[in-house]
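S.K.: The following feature annotations were taken from TrEMBL:
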DOMAIN    29-308  domain 'Dehydrogenase E1 component'
REGION    243-262  region 'Disordered'
COMPBIAS  248-262  compositional bias 'Basic and acidic residues'
REGION    299-340  region 'Disordered'
Ligand SMILES: Cc1ncc(C[n+]2csc(CCOP(=O)(O)OP(=O)(O)O)c2C)c(N)n1
Ligand SMILES: [Mg+2]
């Protein structure tokens, strides 16, 4: 878990630097090596490793727009994920999905920029596992700002009615962009919503990977043993802005700086030292993680960009082979100049 947490943190810090390349002197979001938005999850690593270290490749994980820590903990190919983030042809989605749309079928991982969107597919994966008599489970990650979304609540209902092997993991980082949780969501402990759906709920209210691992062990074990879903909320801390370029003018300084006292990586390092792991070993893990991150980024940046023509591949608007489009010719019919 420590190795994955350190890898995720170093990865995010590296992306933070790479992202700004070419975006200055103003902030041109479309310029540079990593075009588009970038949401970093530094500070949230405990929620990723504590759950994903109970999972196998055939278990499904869906993540939201802040996905890298979860992808790393689930074992997504770091090289191809990085190529995807840099928009390269050899990326997981041929460079067309970008950082919010990572798909790795080898380890059953997907993420989406639409918040709570991962919940229904995770329920679908859990239903599929049940129908196949497999003991695979599914995990849907979402932020606390997404728990008022209908898709999440509908998913809780369906998971409970069908007793499905799914765990919903809410990463509570206190903020939905600039909106503090207390202003828009009740109850404060989101896991209590499980009661209304007659399912198990639990909350881990410290940024502690071991505590998450223990709570997730129960939840994943319950799902794997055929004993139904769980809603698990985990308190985490968003160290960075909502997205790269966020001036965070809305955020009290004390909250911004709180990570110094509550860093989950420091906490786990202290725990490992207590258990007899020495500093040399921890440094060795850090060095190996730094090398892995550097290799992934270096490799990704050497990869080709997709051909412009490839923009038309893999999109739903392509008519299937042998079918001609019945779109009216441009300028013909009622649609011309119409109201869309
Ligand atoms: C359905 C939908 N509505 C609005 C947005 C815009 N949006 C992107 S992130 C975000 C806030 C998410 O907050 P939270 O779920 O707490 O996740 P966090 O960013 O804190 O990780 C919103 C509203 C979206 N992506 N999808
Ligand atoms: Mg949030």
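Numbers run from 1 along the shown chain.
The backbone N, Cα and C atoms fix where each Cβ goes, and this holds for glycine too.
Unlike curated records, TrEMBL annotations are generated automatically.
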S.K.: Counting by DSSP secondary structure, give me helix, strand and coil numbers for the region 'Disordered' (243-262).
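M.R.: Across the region 'Disordered' (243-262), the residues distribute as 9 helix, 0 strand, 11 coil.
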S.K.: Within the domain 'Dehydrogenase E1 component' (29-308), what mean pLDDT does the predicted structure show?
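M.R.: Summing pLDDT over the domain 'Dehydrogenase E1 component' (29-308) and dividing by its length gives 96.
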